[in-house]
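> Below is one structure. I have some questions about it.
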Amino acid sequence: MSGRETIAAVATPPGVGAVGIVRVSGPAVPDIALHLLGRLPAPRQALLADFRADDAESIDQGLALYFPAPHSFTGEHVLELQGHGGPVVLDRLLARVLALGARAARPGEFSERAFLEGKLDLTRAEAIADLIASGTEQQARLAARSLSGALARQVDELLEALTRVRVLVEASLDFPDEDLDPDLPSGIAADLGRLRTDLDTLLITAQRGERLRDGLMVVLAGAPNAGKSSLLNALAETDRAIVTPVPGTTRDLLHADVQIDGLPLRVFDTAGLRLSPDPVEQEGVRRAREQIDRADLVLWIVDDADQAGDAAPPTDLPPQVPLLTIHNKIDLTARAPGEHPRADGTMQLACSATTGAGLDSLRRALTRHAGLGTDAGGDFSARRRHLDALRRTREHLAAAAQAQADAAPPELLAEDLRLAQDSLGEITGAVSSDDLLGRIFSEFCIGK
Ligand SMILES: Nc1nc2c(c(=O)[nH]1)N(C=O)[C@@H](CNc1ccc(C(=O)N[C@@H](CCC(=O)O)C(=O)O)cc1)CN2
Ligand SMILES: Nc1nc2c(ncn2[C@@H]2O[C@H](COP(=O)(O)OP(=O)(O)OP(=O)(O)O)[C@@H](O)[C@H]2O)c(=O)[nH]1
Ligand SMILES: [Mg+2]
């Protein structure tokens, strides 16, 4: 810690508030406190004091809190100056602290130091940012669970199990001529099997957590005039998109952010897919297809009157994107609203954008698609970064299991396990690189 610079920032949001906080962290804190307050506050005890300018005149009267290292948020010496919440007061206070030897903190730098000082693992640091940014109660609840360590604990348990297997394998490498337990290979196989099952379970929970954090991208697609724009408006309860009886009305991509039971959705309206001589419409169709490729879910909209019975969606859609067929305009036909099983076992959903019939079923189908239909009590918020690391871990473990089954040289098995451990360790930061840390903490707000 010594030798590190002392950082400072306004920790409260810009604008006017009852109270505003300047936070300072680093080795120069005691010295800064002496100059600014005339004395060092007793540790962790609020001190009412004048915050003094260099001419000893008072900038503000406020509460000062001193957290000596290592018992602070960052693990360094921390000084909190809780003044009156006006932008000019806080700017003057920050300028004074900078003049006394601190430098302005970069976004996320306090949390980064907390991580580097071992106060927070990466999932908890990310959970702080997610908690602050959460837009729904559900997101806030899950982020709070991650902040309590729900993800970190499970990753640590897996890391421990993985380490135990590695120890067994490395032992057989280091002492190849010893009389090792003849049951060792089957023991390793069993441990590996359990590890892979536990990892898959964690991956499923993390996927749900990621969907709740980032939301689902849902794309409305289909033939012109099917009622895509009308459905966007109905789901968003606005007049976001232009609706006319003219096929080919929508050309640009439009989207609306919609919340269903705390699940954030970004719903895209697209140009109706058809061959058109009109270059503007062609471009619209190109953009629609691009968006379909990126979707978490495509709602394929058909006009119920146009479609006899079990209409199958076109075959030129990307096979990896899940698709739900929606029969719209059922107010004009005899079809009952809600879900109907199709002959091939998949579902189709019937609704009317005009009357609203069947829209509740559609909303339920959307939350079910996000994996939120069930009680999710053990959940936590997760990020794409965590999913990537879990998936890479899974691949390395699969390779390890294969090497084991093939009775491959133990060096290969050991290497796969080492790679698996590195990938898993990235999640909490047990294994990390400067590049990774830079990417994570630069997304935080200043003062955090
Ligand atoms: N005024 C204020 N409120 C705040 C924060 C802050 O920094 N200042 N926080 C900041 O984001 C959050 C609280 N998080 C904190 C986490 C750890 C410590 C801390 O002092 N930890 C020491 C002592 C622990 C103990 O006494 O049990 C440590 O970990 O050693 C302080 C705040 C939210 N509210
Ligand atoms: N009766 C009835 N009419 C509907 C319904 N949904 C949409 N329409 C009508 O169908 C026509 C086309 O609706 P849009 O929402 O513009 O259809 P679209 O799929 O966005 O069409 P394009 O943008 O041209 O691809 C309009 O006249 C709508 O009022 C419905 O559920 N019932
Ligand atoms: Mg439209």
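From the backbone N, Cα and C atoms, a Cβ is placed for every residue, glycine too.
Model, not experiment: these values are computed from the prediction.
This is the feature table in TrEMBL:
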type	residues	note
BINDING	Arg23, Glu80, Lys119, Lys448	(6S)-5-formyl-5,6,7,8-tetrahydrofolate binding site
BINDING	225-230, 244-250, 269-272	GTP binding site
BINDING	Asn225, Thr244, Val246, Thr249	K(+) binding site
BINDING	Ser229, Thr250	Mg(2+) binding site
DOMAIN	215-371	domain 'TrmE-type G'
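On this model, are these features tucked inside or out on the surface, and what's nearby?
Around Arg23 ((6S)-5-formyl-5,6,7,8-tetrahydrofolate binding site), the same-chain residues six or more apart in sequence whose CB sits under 8 Å from its CB are Ala8, Ala9, Val10, Ala11, Val78, Leu79, Glu80, Leu81, Phe110, Gly447, listed in sequence order.
A sphere of 10 angstroms centred on the C-beta of Ala271 (GTP binding site) encloses 27 other C-beta atoms.
The number of other Cβ atoms within 10 Å of the Cβ belonging to Thr244 (GTP binding site), over all protein chains shown, comes to 10. Following the DSSP three-state reduction, the secondary structure of Thr244 (GTP binding site) is coil.
Secondary structure from DSSP puts Ser229 (Mg(2+) binding site) in a helix. All protein chains shown were included, and the count of other CB atoms within 10 Å of the CB of Ser229 (Mg(2+) binding site) stands at 25.
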> Show, in sequence order, which residues other than Arg23, Glu80, Lys119, Lys448 on the same chain lie with their Cβ within 8 Å of the centre of the Cβ atoms of the (6S)-5-formyl-5,6,7,8-tetrahydrofolate site.
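Same chain, not in Arg23, Glu80, Lys119, Lys448, Cβ within 8 Å: Ala11, Ser25, Ser72, Phe73, Thr74, Val78, Phe110, Ser111, Ala114, Gly447.
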> Note the Cβ centroid of Asn225, Thr244, Val246, Thr249, the recorded K(+) site, then list each other residue of that chain whose Cβ lies within 8 Å of it, in sequence.
Pro224, Val243, Pro245, Pro247, Gly248, Thr250
> What binding-site residues among Arg23, Glu80, Lys119, Lys448 have a C-beta sitting less than 6 Å from any atom of ligand 2?
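Within range of ligand 2: none.
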> Which residues does Thr249 (K(+) binding site) neighbour through Cβ under 8 Å, counting only same-chain ones at least six apart?
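Result: Pro224, Asn225, Ser229, Ile242, Val243.
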